[in-house]
Every structure is written in structure tokens, then in C-alpha cells.
Amino acid sequence: MCAKKKTSKKETSKKIDQLSNYHLDGKDQPMKTRQGLKVNDTHNSLKAGERGPTLLEDFLLREKIHNFDHERIPERIVHARGSAAHGYFELYESIEDLSKAGIFTDTSRRTPVFARFSTVAGSKGSTDLARDVRGFAVKFYTEEGTWDLVGNNMPVFFIQDAMKFPDLIHSVKPEPNNEIPQAASAHDTFYDFVTLTTETLHNHIWVMSDRGIPRSLRMMEGFGIHTFRLVNKKGKAHFVKFHWKPKLGVHSVTWEEAVKISGADSDFHRRDLWDAIDQGMFPEWELGIQVVPEEDEHKYDFDLLDPTKLIPEEMVPVQIIGKMVLNKNPENFFAETEQVAFLPGNIVPGIDFTNDPLLQGRLFSYRDTQLSRLGSHNFHQLPINKPLGDVHNNQRDGHMQMDIPKGRTAYSPNTLGGGCPYLNGETDGGFTHYEEKIEAHKIRNRSESFSDHFSQPALFYRSLSDWEQKHVAEAYSFELGKCEVQTIQERMLWLIAQIDKNLSDTVAENLGLQVPKDIDKPINQAIGADASEKKHQPKKKKNYLDSSEALSQSNTKFDTIESRKIAVLASDGFSMKQFKKMKTALEKEKAIVNIIAPHGGTIKCDEDMTHKVDASIATTESVLFDAVYIPGGKKSIDKLSENKKFIKFLNETLKYCKAISVDKEGEQLIDMSEIKNFKNNDAAIFVNGKASDFISAIANHRNWNRAKEAQNIAV
Ligand code: HDD
């Protein structure tokens, strides 16, 4: 047997090397047909005479059109809209006492990864800024095989049992009669389902919070959601939950911004991820684990197997064990991002499943769906899905077989093939399932330990800051405001009241409705007399923890402005000295500085130097930026003052609570906007201020103290 070869940190990545064998570069190459024939004309079909009919003989035309006719494959039934990148995972310290997985014991490895982020409900071409859960799927190409951690940006899921997944998705997708609305949960069928399936309420309140509209895919947390198992060399298992913590903190936009961004740049998240990697600002997440000894399985007020529950970090702290860095964009969207197939069933020795009924169902669904999406059970042979190293087994043939297996034998056991490929025992790295003792009745039911549907949504809501709670109330009001059936709105109001009375009162007022006194019976009737859920739900909430810090974005990191986009509003004659000073300070902190001018092309500063304009004001919007800076220069300011869109730009920046810095002469411009009413009393507005203060204000993401007063600015 070959000696084990370690992946050295100096190698780019074994996966990138493997993929590069498949790269095709047409540079300096002749055009050929699919059978390798050089092509002389790809513009005209073969005709009987210049003005005559096209001939069936035209194999060049047929091949070109035939390929075109088949370019599309079915989009993913969920998570159709996504963006992905390559990178690596590094372990800080071995956790061999918990797991025998090479990825968790060998700190010298750089394990190649491919991560795909997605929205759930929308089609492939829908906006990035939909209010939705975000998929956070990571494929680790480990030396022992591929491990897929297919998670989301929220730590809990909508439902508890895979059996309900088709119902959930059918309710949230566009309604089947008119295919409306696209990429939106704000419609009757979704709330009909949610109100009759109260286990959804926890994930739902996360979606109603700012987590549902991230500022960037790079500024989201990721969660494996299910409780998994880590298994060590001795066969001892621990329960584990996986967390991804972003280096840039967790930040979001407001709903109004999301709506505007969808119009201004519906690829906002995709572009942001691509540009950051392209510019060498590689997104990073630390991997954390929450570990629960098997003997503590029943210690908590919730069931560890229930995927609608999180373990508060106050109860089980997150232990950081490594980091993921995304450092390379795909070469080809279709071949990599579209064809990548994640399977929660892809695990490696040292990691194992639990009996979470949602996870168990997923183990079937993902392999199955690839057949209709990718068309062949050989999808694992696609370059992006191939594990590192060759694969030998007795599985054969079928559509699109790309390997050429040699030899007479395709069965086991055999002597004619020398007994190969041979089986591996545990000590040789063969996967062995964790031996779990199960004594049970075969039963179609839900455990009563899954039936508390209100305690954790209430804990989440209590843990939010005032501004976050306000956003949640606005989100519920918007979503229910879009529903047309009043009984559905009322059922939801009643359920929100079980989470928090003030919240439901605010939403009811916005809807012009009353919170009903009792809706318990109609809900149970609608669920059906025999449904297992009816026996247990909905239960009154418990309060086992007042609040949990990690649940609020107001407790995230505010220590960096890396890759934040700063709009510099300038025209001919702007002050080079002031601009240069600010630009140098911002770029030192790795922010991206863009000049926005009254026109495209170039502008000249007061030192007569030419500067490239990044966008004309006519082609961009303030919602695409994190902060605004206006350099001095009387001529420049006069010119900007002539164009009302700059004033709108400033008012919007103000309204969405972002940092604003102007040099002294720029005051003339901000005094034409609403900023004049805020500038003397706002921690994120600077007139002739210090660059360092502006930088801290950008790092704080937003000045929410301004929100109440600024909310009525008309833009
Ligand atoms: Fe799923 C895709 C995440 C439950 C069935 N799911 C998919 C993707 C993510 C998740 C991130 C996109 C992967 C990619 O980028 O290609 N799904 C989750 C999480 C769940 C979950 C975190 C619960 C904790 N999913 C779930 C259930 C089922 C599915 C219970 C079915 C019973 N999911 C699918 C699917 C998809 C999918 C239909 C669509 C495309 C694909 O699998 O490859 O099979």
C-alpha cells in the first residue's frame, strides 16, 4: 500500500490541481466541432442556393443548435439561486479526544473546500436580497473522502421531520395557480402553513429578523443545525453542533434598502463575494463546535434531536477549532457552482449522524434530487464533485460514465481480480457506523419532547436589541400585510402573541386588526383529528434563559471596515489633498473607495490631475454603499449641488443610518439635504472630522440611534 502523503501548506490545493486537469482554454486555438473537426464558418447555414432552403445535411448547424437546445438543466428545487467559491480549511488544534477525523486531528493539513451560499425560495434568476434563509453549504475534500456540511445562516430549521419538507416548500414557493410571488414568503399559502405548523415559528422569527437580509454573504454566520456526532479513535461519541463565525462580523441591511438594492443590483451578494475574492480580500469564517457528552442528552429543556432548537451558547459555549478561507472564484459558473452536488450523507470516519428525523430524511433526498438535476447517477464523476484521489469499487456503467474501469471483475468477493478492490477495516480507515443501541416500537409519531414551539422564539426575541425588535415588528407587518385572507392574518397574530404580547400588539396595529383572544381550537381542527402534532402542541412557553448574547447582531464584531464600500462624491476641482488623506486612511483599513461623479469617464482634482470615475450618479444608488465621504473643493461642491440625485443619495445614506464625513466646504452640500438637522448631534456624521472617527463609525455598521428621527425622511 502507498505511504500516506500529507497535503503540504505550500501546495495551492489538491482540488484546484485536480480541477485544472479539466480546464479548457480556447486562447490561440482553432474552433472545432465536438468530434474535433476544424470549423470554417459558424455564421451561415448550408443552403440550396444563397436564397434557398437549409439542408438537413448541415451537421454544423445541427450540432450547434442541438447543443444550445440542451444547455439548461433543471434548477435546484430549493436553493436555486447561489454563488460559490473555492478555499481551504485549517485546524488550529487537534481535537482527537473528540474525533478521529483527519480534518480534526491533523493541523498540518490545508483541506480544500468549495462553499456555496444561496437563497432558498427564489428561482435561479431571482434577487439576492429576498427576505429568506441563506444556504451555507461547504464541501470539504478531505484525504479520507468528501465531507459535506450542508447548513444555513440560521441555527434552526423550519420543521422537525423531513416528511413535512415538501409541504413547507410548496407553501413558500410561488402559488401554483399564478406563479406569484417570486422569491417572497409574504403570501397566504406560506402563512396558512406556518400558522398550522407552529414548529416553524422559531426559524420564522429568525427570517423576520435582520438575519433574513444580510449585508453580504461574507457577513453571515453558518450553522450545521442538526446535532451530529463526533467519534474518537476509541469509539466514544459526543454530540456536536457546528458553527461558522465570520471574521467581518454579522451585519444586515434594512428591508427598505433590500427592496431598493433588488432594483439597483439584484446580483449584489454575488458581485460582493466575487469582487472581494477577486481583490484579494478573502472571506474567512472560524469553525466552532458545541460539544455535549452523550450522557447529557436529556439534560436540557429541549431535545437535542429537534432541529428547531438551538443550544444557547450560555449553556454550552462554542469552542473555536479552525478557520475556512475562500480565496478563489470558480472558473466557470455552470461547471462548478451549478453542477456541485452537496449530500448531507457525505461523511468521513470520526463524524456521524444522529436520529434527528429531519437529518434522516435529508440523507435520502439530496442523492435522489441530483438524478433529475444532473441527469445521471454518475454525478460524482463531475470534476467539482470528484473526491480527491481515485475511486475504485464495483459500481459500473449508466449514463455519462466517464471512467474506464479496467479488468474482468466487477463483483465482490472475487479471486479473478485478486480480491480487489479490497475492503478496509476500521484501522485501515474504513468507515464504521457508530454503534447506537436502539430498542423501540416501529411508530409513525412525533416525540413529545419536540412539542415546545414558543420558548425559543421568545428567547430569540427577548435577546434582540430595540432596533432589532423594531425590524422584526416591521417585517411581520409587511409580510402579513401582503396576505389577503384575514383569518390567516389573525391566526398569525395570535401565534405572535404567544411569543410576545407587545410584538403582536404592534403588528396588529399596523395591520388594522385585533389580536384574537383564542385561536387554539381552529388551529387544532385544521391540523386534523389524527395528526400526531395535535397531541402536543402548541405548548405554553418556558423561560429557561432570559436572553442569549450570541443571538443579537448588536453583540457582533465591530472591529473592521475591510471591504466596506465608501462612496466619494466629487466633481471637477475637488480637493486632492483632503481626498488623498482620507483615501489613504480608508484603504489602509482595506475599505474600497469609489468616486461617484455627475458623469462617467474622468474628473480633475484641484491639482489638475485626472481621476477615473467609478460610477456616474445616474448609474448608481446610495444603497450599494456603506458610507459617504465628500472631499472639499468649492468648484466640485458647486457642481454636485446642481444635481438633485446627490441630495437624494445623501438623504438615503442618512436615513439608513450610515456614516457620513464631509470636509468643511462639503457642508454647503449636506446643508441642502436633511443632514443639516442631524449634523450637530450625531455620532456618525463628521464635518471636518478625523478619518479615524469616520472609520470607527463605519466599523460600527450603522448608527441606529438616528433611526427613530430619520425614519420619516422621504426618499
Ligand atoms: Fe436542503 C438543497 C440546507 C433540509 C432537500 N439544502 C439545500 C442546500 C442547502 C440546504 C444549503 C443547497 C446546497 C447547494 O448549494 O447546492 N436543507 C438545508 C438545511 C436543512 C435542509 C440546513 C435542515 C437543517 N433539505 C432539507 C430537507 C430536505 C431537503 C428536510 C428534504 C427532505 N435541500 C433539499 C434538496 C436540495 C436541497 C431538494 C435541492 C438541491 C439539492 O438538494 O442538491 O434535496
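Just so you know, glycine gets a Cβ as well, placed from its N, Cα and C.
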Residue in Phe165, Phe302, Phe431 which TrEMBL records at the heme site where Arg76, Arg116, Arg362, Tyr366, Arg373 also bind: Phe165
Of Arg76, His79, Arg362, Arg373 (the recorded positions), the residue whose Cβ has the fewest other Cβ atoms within 10 Å: Arg373
Cα proximity to Asn152 (active site), best match among recorded positions His79, Phe165, Arg362, Tyr366, Arg373: His79
Whole-number Å value of the largest CA-CA distance among Arg76, Arg116, Phe165, Arg362, Tyr366, Arg373, listed as heme-binding: 21
Neighbour tally for Asn152 (active site), based on other Cβ positions within 10 Å of its Cβ: 27
